[in-house]
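**Q** So TrEMBL says this about it:
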- 1, 61: chlorophyll b binding site (BINDING)
- 100, 101, 104, 106, 118: chlorophyll a binding site (BINDING)
């Protein structure tokens, strides 16, 4: 899922970046190292850390009692967030949907790797 978001966000961020006043006009690997952006990344990492800490609690038993044992009914990657009701109720359809998501995730990993390699080799933005 992260790679799918990255495959969308990587080219989108090169074209539309309102947080930085439109002053970023270089490839992403160079823009990441620019000084104005360095104050932004600790905030991003902090927000990710908070989200990760709170995602641990539903997945694990009480660490003081069980010692970080994963709950027996926990399904990896299922956060119970389905506001549009798109998750199939039939087990066969759910397995098919999970396979499609896995394959799309693999394709997105290859895509984002290709985008990064293209920028590194050419030294130019994607678009």
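Keep in mind that glycine also has a Cβ here, set from the backbone N, Cα and C atoms.
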**Q** Test of understanding: give the count of other CB atoms lying within 10 angstroms of the CB of residue 104 (chlorophyll a binding site).
**A** 14
**Q** How far apart, in angstrom, are the most distant Cα atoms among the chlorophyll a-binding residues 100, 101, 104, 106, 118?
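**A** Greatest Cα-Cα span of the listed binding residues: 27 Å.
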**Q** Does anything in the same chain, at least 6 positions from residue 101 (chlorophyll a binding site), have a Cβ under 8 Å from its Cβ, and if so what?
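**A** Residues satisfying the criterion: 1.
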**Q** About how far apart, in whole Å, are the alpha carbons (Cα) of residue 118 (chlorophyll a binding site) and residue 61 (chlorophyll b binding site)?
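**A** Approximately 44 Å lies between the Cα of residue 118 (chlorophyll a binding site) and that of residue 61 (chlorophyll b binding site).
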**Q** List the same-chain residues at least 6 positions away in sequence whose Cβ sits under 8 Å from the Cβ of residue 106 (chlorophyll a binding site), in sequence order, or say none.
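**A** Residue 106 (chlorophyll a binding site) has no long-range Cβ partners.
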